[in-house]
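Some notes on the structure that comes next.
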Amino acid sequence: ISDAIRDGAEGFFRTQYGTISKMAVLLGLVIFSIYMFRSTNPHQESSGVGRATSAYITVAAFFLGALCSGIAGYVGMWVSVRANVRVSSAARRSAREALQIAVRAGGFSALVVVGMAVVGIAILYATFYVLLEVDTPGAMKVTELPLLLVGYGFGASFVALFAQLGGGIFTKAADVGADLVGKVEQGIPEDDPRNPAVIADLVGDNVGDCAARGADLFESIAAEIISAMILGGTMAKRCKIEDPSGFILFPLVVHSFDLVISSVGIFSIRNTRDSVVLGAIEDPMAILQKGYSVTIVLAVLTFGLSTRWMLYTEEAPSAWMNFALCGLVGIMTAYAFVLITKYYTDYKHEPVRSLALSSATGHGTNIIAGVSLGLESTALPVLVISVSIISAYWLGQTSGLVDESGSPTGGLFGTAVATMGMLSTAAYVLTMDMFGPIADNAGGIVEMSQQPESVREITDLLDAVGNTTKATTKGFAIGSAALASFLLFSAYMDEVASFANVPFNQVDIAIPEVFVGGLLGSMLIFLFSAWACSAVGRTAQEVVNEVRRQFIERPGIMDYKEKPDYSRCVSIVASASLREMIKPGALAIISPIAVGFIFRVLGYYTGQPLLGAKVVCSMLMFATVSGILMALFLNTSGGAWDNAKKYIETGVLGGKGSECHKAAVTGDTVGDPFKDTAGPSLHVLIKMLATITLVMAPIFL
């Protein structure tokens, strides 16, 4: 069974990344031609980086980012299709061993992903440093260097967006098709070998959750490192700091420590004693949280050390303490996000239980309860983000770093440091995330190979915990996307200022064109989500029809006399998801460029020189705000619906097969494209909009 899953996943991965690489080459050519025909900024001209050089550099960075992002996704999938069968085998012996194998497999791919992000940027930085003879007389200043890396972030987010869209459509269309016909119409359990769509569903877990989430978090870290390097460089230049390299390389050091402390956290989950105590199985969530707490304590210590080591300057001897506190704010934000998401999606807590209860009165009430739970769940995270942005900004402003005129300048760098703090445990959080699909797959293999009920109980428990950890990682990813995109558009304003040679530090929403830009940004989020969800719906319809056809034409399937044709469903979903991922992806790439260019032309004729840049900035801000709220709503409601169904399957409210359970399955089906297609694609979209404007800034001027 695991061989069939592996073949399906690797086949789809090859086709999908073939398509993505063709689009990347096209986009690379577009970027190259734009950079060849644009104005360069005065700093770059004086340091001898002409149009051709900056075109080659940006395109090279773009391709490297895209390549690394692809490798990050491949590693995630490669590990998960090999770990799933090992976890199902371990579940026959003990729950603790199954948990340990799933966590270590997730940990391996998580460490590779974070390591790739750090190594990729370090190599690029070092290469450009040597090739352009940085800091020699007449050459480029080191504070200008990070601006050349923006192509890397764009390449990474480009691949992550399509990986997330394609993988998300694949996994959820198969899942919805399998559930609707299998559970609701035929009344057979989840992952039953008689269901023709079951292999497609299990393949989807690998390409949608492991490969796509690997590329996604890779891109989060890459975008955040680059924007923090740009802001560190700008601030060091303004404050005339003698050796600015500490401020520029600081993000790389933080994420290198992340690898070490997350490894310690992963290894703290050991198979110490047999975990069946008095017949009760230990709660896997508690074990994972223990590991997370270990990681967080270490993160606080290493973060303090690295701020003292990298950010100490004679100009402001106590500034590093303020920045260490900013990092602490970020780490606390991450922890708060994990707790809030856990509260709204774990069935130990009130929200999911009342959602399950609403299923007792039918399908409609379940949907109403799920939608309102999702809407409510946006409030706390937004308050947490708001407090952390303001407090980090304020800590940065009061750090004692001042520019020539004596006004404080550390604010934005403070928020950058908070974002680093938030992502300083990223490898462990990604481990918890990768653990989910591996456990889910293991459960599928156990069910399909008809193992005893006791083994299925262990994998079910791991799977329910995996659902919660997947939801918490999404919460974490949205929080970091919110902070990172705030940084990215500060970096964008810095870049516009350096190209246009005029200060550009605020955007007035009261100007009608700028307000319209904001409206368009918010609209983009809703349209993108709509297209992503309807893609899942359309593909699921094909799967449902195919599964029904097989049940009618092969009546022997139900009593195990005939084998269903699994590969048919896999190929339907694979071809449909590749076809469907193009439209929303193209929307995301084309719209900011089109808006910026149209308003640039308009500004030229109405005598408003920076109109294009201002409208794009407003589009970015509004898209970020509505995108974060939308993604929180989609992810939390989807995760809650799924776990409400899991809660009923534990035997409450009539258990499996009851009317209540059928209503919960409907809710879960509605939530599937929310939480695994539209939601995760949105926070990639938010950061991609920011990186694309950074790369394309010259067109808007």
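Positions of Cβ are set from backbone N, Cα and C atoms, glycine also.
Per TrEMBL, the range carrying the annotation transmembrane segment out of 292-311, 352-371 is 292-311. Beyond the ends of the transmembrane segment (323-344), by six or more residues, the same chain brings 254, 285, 292, 296, 299-300, 303-304, 307-308, 311, 351-352, 373, 377, 380-381, 384-385, 388, 391-392, 395-396, 399, 410, 413-415, 417-425, 429, 468, 471-472, 474-476, 478-480, 483, 635-636, 639-640 to within a C-beta distance below 8 angstroms of the stretch. Between the transmembrane segment (408-430) and the transmembrane segment (514-537) there are fewer than 3 Cβ pairs closer than 8 Å, counting only pairs 6 or more residues apart in sequence, which means the two stretches are not in contact. Only residues 6 or more beyond the boundaries of the transmembrane segment (378-396), in the same chain, are considered here, and those with a CB under 8 A from a CB of the stretch are 322-323, 325-326, 329-330, 332-333, 336-337, 340-341, 410-415, 417-418, 422, 475, 478-479, 482-483, 486, 628-629, 632-633, 636. Long-range neighbours of the transmembrane segment (247-269) within the same chain, counting only residues 6 or more positions beyond its ends whose Cβ lies under 8 Å from a Cβ of the stretch, are 99-100, 103-104, 107, 110-111, 114-115, 117-118, 121-122, 125, 142-143, 145-146, 221, 224-225, 228-229, 232-233, 235-236, 241, 287-288, 290-292, 294-295, 298-299, 302-303, 306-307, 309-311, 327, 413, 416-417, 420, 423-428, 431.
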